[in-house]
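Feature annotations, courtesy of Swiss-Prot:
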REGION    1-7  region 'Well-structured region'
DISULFID  CYS4-CYS46  disulfide bond
DISULFID  CYS6-CYS36  disulfide bond
SITE      ASP7  site 'Structurally important'
REGION    8-17  region 'Arg-14 loop (non-well-structured region)'
SITE      ASP9  site 'Important for sodium channel affinity and for toxin structure'
SITE      ARG12  site 'Key residue for binding both cardiac and neuronal sodium channels'
SITE      PRO13  site 'Important for sodium channel affinity'
SITE      ASN16  site 'Binds to sodium channel'
SITE      LEU18  site 'Important for high affinity to sodium channel'
REGION    18-49  region 'Well-structured region'
SITE      SER19  site 'Binds to sodium channel'
SITE      GLY20  site 'Structurally important'
DISULFID  CYS29-CYS47  disulfide bond
SITE      TRP33  site 'Important for channel affinity'
SITE      HIS39  site 'Not important for channel affinity and toxin structure'
SITE      LYS48  site 'Binds to sodium channel'
SITE      LYS49  site 'Important for most of the cardiac specificity'
Amino acid sequence: GVPCLCDSDGPRPRGNTLSGILWFYPSGCPSGWHNCKAHGPNIGWCCKK
């Protein structure tokens, strides 16, 4: 997946570690991950639990 910003990473993408990944739905996030931000019907922002 493509790196994305999780809520726990901080307010801005720049200067922060991007610990999330963009994941295509509707298959859901990988095991051990959860959708931390809604990003349309076909893409989820998945972050580690």
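First residue shown is number 1, and so on along the chain.
Backbone N, Cα and C define each Cβ position, glycine as well.
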Pairwise Cα distance for SER19 (site 'Binds to sodium channel')/CYS29 (disulfide bond) [Å, integer]: 14
LYS48 (site 'Binds to sodium channel') versus TRP33 (site 'Important for channel affinity') - Cα distance in angstrom: 4
Sparsest-packed of the listed disulfide-bonded residues (CYS46, CYS47) - C-beta count within 10 angstroms: CYS47
Cα distance (Å, whole number) from CYS46 (disulfide bond) to GLY20 (site 'Structurally important'): 5
Average model confidence [pLDDT] within the region 'Well-structured region' (18-49): 69
Neighbour-count leader, CB within 10 A, recorded positions: SER19, GLY20, CYS29, LYS48: GLY20
Between CYS29 (disulfide bond) and CYS46 (disulfide bond), the C-alpha gap once rounded to whole angstrom: 6
Neighbouring C-beta atoms (10 Å sphere around the C-beta of TRP33 (site 'Important for channel affinity')): 18
